[in-house]
Structure formats: C-alpha cells, structure tokens
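Colleague: Take a look at what TrEMBL says about it:
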- 7-79: domain 'Exoribonuclease phosphorolytic' (DOMAIN)
- 105-171: domain 'Exoribonuclease phosphorolytic' (DOMAIN)
Amino acid sequence: MPCLSFENGKASDEEVLVSRLIEKAVRRSNALDLESLCIVAGEKVWNIRADINFIADDGGLIDASCLGVMTALQHFRKPDISIRGTEVIIHSTETHQPTPLSILHIPLCTTYSFFNPLGDAENIKGDSTSEIAILDADKAEELLRDGSLVFTMNMNRELIQISKNGGLPIDGRVLLELARDGLSSIDKLTKLMKDALNKNFETRYRSEGLQLLEVGAKR
C-alpha cells in the first residue's frame with residue numbers, strides 16, 4: 001500500500017524537492033562514472049535510471065532516498081557485452097558474470113531540523129538553550145520544526161551540497177559544527193551500507209558461481 005501522504009500522478013512540493021536534491025547529490029556530483037557507461041563512442045550507452053517508491057513516510061525522506069539510491073547503484077549489475085565489428089552482443093547472465101557499475105564516490109544526505117520553542121532569537125546562534133537542532137527527525141517533528149538543513153557529504157570528507165529551504169537563519173559557526181557532526185553520521189551510514197552489500201555479494205556470488213558452473217557443465 002503506497003504512502004497516503006502523496007497523490008498518484010501528481011508530484012507534491014516535497015517530492016520535487018527530494019528529486020532535485022537526489023539528482024544533485026548523485027548525478028551532478030559525478031558519483032557514477034559516466035564514461036564507463038559508454039558502449040560505442042557517439043552511438044550507444046547504458047541508460048541508468050533509479051525510481052524511488054515511498055511505502056511509508058515517518059520523516060527523513062531525503063536521507064533515506066539518497067541511501068537507497070546509492071545502495072541500489074552499488075548492488076546493480078549490468079550484463080556483460082562484447083563488440084564484433086559494428087555488432088554489440090549482450091550476453092546472458094547465465095553464461096557471463098554481470099559487471100558492477102563504476103562508482104567514484106558515495107554521497108549521502110543528512111538532515112537537521114531546527115526548533116526555536118521560545119521564539120526569542122532572530123537566528124540559530126548556538127549560544128541559546130532555547131534553540132534546538134536535531135538529526136533525523138520523525139514526521140511529527142518535521143511538521144513542527146522552524147527550519148531544516150540538508151548536508152550531502154561522503155567519507156572523503158567532501159562537502160557536496162548544502163540545501164536550506166527557508167526557515168530560521170543559521171550562524172556560520174553553527175553551520176560548521178553541524179557539518180562536522182554530520183560527517184560522523186555519514187561515516188556510520190556508509191559503513192552500514194558496505195557491510196550489508198558485502199554480505200549480500202558473498203551470498204550472491206556463491207549462488208551465481210554455482211549457476212555458471214552448472215551451465216558450463218551442460219555445454
């Protein structure tokens with residue numbers, strides 16, 4: 001059952017924002033090596049598309065979407081190909097091991113939500129106990145927040161993008177502190193992703209390896 005907070009056939013403002021941020025985080029940051037998708041120069045390339053379906057929305061859609069897209073890109077395997085003259089041959093995965101995409105870096109998003117319960121400050125300065133910044137807010141907290149900030153970073157400590165869609169102004173010093181704190185979250189998520197992928201690859205390789213051996217024996 002799809003998430004009831006979204007309408008079929010009509011993109012909400014939140015969906016448009018998520019789509020734009022993920023596009024900037026992944027495609028415009030060159031996370032995927034585009035040259036590796038070339039089959040025949042000037043003629044044929046692989047077309048890679050990632051679709052995101054929200055089953056439920058309890059907050060953190062941007063962070064979850066970026067994590068899901070990057071995990072999917074690393075998990076995906078494209079068919080092996082060979083070129084004979086002008087002919088491009090796409091081999092079956094039953095006879096040829098599929099190949100992974102070339103990922104240059106792993107960008108991930110981390111979102112902070114800001115709250116100013118007393119409303120007695122003009123911006124988030126970090127020196128007032130009434131101003132609160134939290135990471136990974138749930139849906140109820142997102143509906144009540146006074147502003148938000150999205151960092152896109154990778155394990156190389158590269159800041160890829162900053163997105164702040166309105167809300168309370170933020171002091172530059174606080175911005176740097178949040179970016180440093182966000183890096184620890186990025187490191188944990190990246191490690192979690194790689195551990196899960198490695199575990200899946202081990203199982204996948206064993207099953208595909210046995211399958212290739214069986215096909216080879218029949219031939």
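Residue 1 is the first one shown; counting continues down the chain.
Glycine is treated like the rest: Cβ placed from N, Cα and C.
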Colleague: Can you tell me how the residues of the domain 'Exoribonuclease phosphorolytic' (105-171) break down into helix, strand and coil by DSSP?
Modeller: 6 helix, 27 strand, 34 coil
Colleague: How many of the residues that make up the domain 'Exoribonuclease phosphorolytic' (7-79) does DSSP mark as helix, as strand and as coil?
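Modeller: In the domain 'Exoribonuclease phosphorolytic' (7-79), the DSSP-based counts are 33 helix, 10 strand, 30 coil.
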